[in-house]
Amino acid sequence: MSATIARAEEQQNGSTVELKDDTVIVVLGASGDLAKKKTFPALFGLFRNKFLPKGIKIVGYARTQMDHNEYLKRVRSYIKTPTKEIEEQLNSFCELCTYISGQYDQDDSFKNLAKHLEEIEKNQKEQNRVFYMALPPSVFITVSEQLKRNCYPKNGVARIIVEKPFGKDLQSSRDLQKALEPNWKEEEIFRIDHYLGKEMVKNILIMRFGNEFFNATWNRHHIDNVQITFKEPFGTEGRGGYFDEFGIIRDVMQNHLLQVLTLLAMERPISFSAEDIRDEKVRVLRAMDPIQPKDVIIGQYGRSLDGSKPAYKEDDTVPQDSRCPTFCALVAHIKNERWDGVPFIMKAGKALNEQKTEIRIQFKDVTSGIFKDIPRNELVIRVQPNESVYIKMNSKLPGLSMQTVVTELDLTYRRRFSDLKIPEAYESLILDALKGDHSNFVRDDELDASWRMFTPLLHYLDDNKEIIPMEYPYGSRGPSVLDDFTASYGYKFSDAAGYQWPLTHTTPNRL
């Protein structure tokens with residue numbers, strides 16, 4: 001009953017209204033790294049494909065003093081233009097862009113921004129404003145208060161897009177939410193976790209619930225373990241100051257990987273509405289106990305074996321006595337009928353041997369009969385790079401003898417959908433925010449439940465100074481104990497069939 005009432009209220013206050021006309025996007029932090037690498041390229045991608053509202057204006061706001069021409073020069077430098085056509089489109093895009101400089105904690109600065117917004121909106125019927133906070137968390141609260149006090153539209157819809165991190169633990173997250181509450185309704189807040197905008201992550205619901213053969217085996221009776229892996233081949237590269245404050249668990253696992261886990265584990269929502277989907281995700285989180293230290297290993301990268309790559313603590317921006325983990329593997333457990341007893345293994349690390357994010361679902365062994373020693377089936381979802389889904393399965397090797405070989409059913413997106421462009425995650429999420437669709441954004445109770453899971457572990461690691469991360473070489477797979485750790489939770493790595501994907505050669509596995 002209450003949920004129905006809430007959704008009715010949302011429709012009345014405009015939170016689910018698609019913004020089609022009379023819209024301004026304000027990018028706060030317009031001269032920063034996030035705006036340069038993600039926000040402006042995404043806005044240009046939407047503009048190129050005609051997904052932005054008609055007559056939209058894009059206002060940049062930052063502390064950096066620069067005139068209009070200097071600002072446009074920066075915007076152009078953010079975006080690649082490999083063809084003449086794209087260069088002409090960028091010229092048109094720049095005509096939508098203006099810039100205002102100001103401080104983040106001064107009324108006069110935001111009054112000046114409000115005056116600029118009113119000037120460019122003077123011929124509009126409504127003042128719909130989307131505020132994109134591409135800002136460090138230290139100024140979130142101050143800026144949100146200033147926006148509400150000075151720049152909130154009198155006649156139109158206001159939305160605020162907030163980037164992670166949403167706090168450092170449960171209490172700081174709650175403090176942040178409490179500070180936002182007086183000024184912004186929950187339905188006006190869009191908390192971005194860009195993994196929810198990735199094509200393969202968005203495909204999880206369709207794949208699970210739109211294919212009965214998956215849905216029927218998606219439980220503890222058929223699945224032995226689930227792995228969610230995030231690997232980066234580079235280190236902090238001069239960003240150690242930021243990273244050392246948060247570490248790999250806060251940076252990747254409490255948000256990106258946990259969001260993927262909830263989509264894998266949730267029950268079928270009753271509809272595709274944002275609230276129904278997020279209700280099911282929250283139910284999964286509430287069925288999970290806090291992560292236990294005994295279910296965790298942490299590491300920190302050292303020099304590469306050839307000495308060409310520096311150790312984490314050799315980064316000038318990192319404290320020499322840092323205990324910050326750059327690698328973590330941990331196991332989460334879901335206490336419900338579907339998943340009780342199935343370990344969810346999450347692994348994330350920097351300075352590893354490759355760039356990869358994937359989901360690996362390993363099915364149970366064939367327990368008896370003539371095939372009892374055959375390799376396990378696996379469903380692998382490659383999130384990035386080279387988006388794909390493949391099923392590792394056993395097949396008879398062509399020939400006169402009864403030999404088996406591990407092969408795969410393979411859906412590689414760039415081959416199957418070669419004529420379609422996979423959108424960038426930020427393009428997808430900004431478009432969702434313009435539409436008022438919260439499905440791929442993080443709700444307040446969802447955020448609370450995720451921090452409840454991780455905060456005890458984070459405090460345990462922070463408070464116990466004697467806990468030192470295991471060192472692993474830059475460019476390796478991670479700490480040397482990793483394989484033993486995953487094996488202790490049931491994961492079976494099998495190279496008996498000489499299996500490779502993509503397939504390059506075949507070695508039979510004789511029965």
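Even glycines carry a Cβ here, placed using N, Cα and C.
Per Swiss-Prot, NADP(+) 1 binding site is recorded for Gly29, Ala30, Ser31, Gly32, Asp33, Leu34, Ala35, Lys36, Arg63, Lys164, and the stated evidence type is similarity to another entry. Around Gly29 (NADP(+) 1 binding site), the C-beta neighbours below 8 angstroms that are at least 6 residues distant in the chain are Ala35, Tyr61, Ala62, Met133, Ala134, Leu135, Pro136. For the recorded site, Gly29 (NADP(+) 1 binding site), the DSSP three-state label reads coil.
Swiss-Prot lists Lys164, His194, Tyr195, Leu196, Gly197, Lys198, Glu232, Asp251, Lys350, Gln384 with the feature D-glucose 6-phosphate binding site, giving similarity to another entry as the kind of evidence. A helical conformation is recorded for Gly197 (D-glucose 6-phosphate binding site) in the three-state DSSP classification. Taking Cβ-Cβ distances under 8 Å and a sequence gap of 6 or more within the same chain, the neighbours of Gly197 (D-glucose 6-phosphate binding site) are Glu424, Ala425, Tyr426, Glu427, Ser428, Leu429, Asp432, Asn440.
Positions annotated as active site, proton acceptor by Swiss-Prot, on the basis of similarity to another entry: His256. In three-state terms derived from DSSP, His256 (active site, proton acceptor) belongs to a helical segment. Applying an 8 A CB threshold to same-chain residues 6+ apart, the list for His256 (active site, proton acceptor) reads Asp193, His194, Tyr195, Phe230.
Taking the Cβ of Tyr390 (NADP(+) 2 binding site) as centre and 10 Å as the limit, one finds 18 other Cβ atoms among all the protein chains shown. Swiss-Prot lists Lys347, Lys356, Arg360, Arg382, Tyr390, Ile391, Lys392, Asp410, Leu411, Thr412, Arg477 with the feature NADP(+) 2 binding site, giving similarity to another entry as the kind of evidence.
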Just jot down the residues in the same chain as Arg63 (NADP(+) 1 binding site), at least 6 apart in sequence, with C-beta under 8 A of its C-beta; none if empty. Ser31, Ser101, Gly102, Gln103, Tyr104
If you count CB neighbours within 10 Å, which one among the binding-site residues Ala35, Leu411 has the smallest count? Leu411
At the level of the C-alpha atoms, what whole-angstrom distance separates Lys392 (NADP(+) 2 binding site) and Glu232 (D-glucose 6-phosphate binding site)? 24
Quick one: largest C-alpha distance among Lys347, Lys356, Arg360, Arg382, Tyr390, Ile391, Lys392, Asp410, Leu411, Thr412, Arg477, binding NADP(+) 2 per the record, in angstrom? 26
Packing count at Lys164 (D-glucose 6-phosphate binding site) (other Cβ atoms within 10 Å of its Cβ): 18
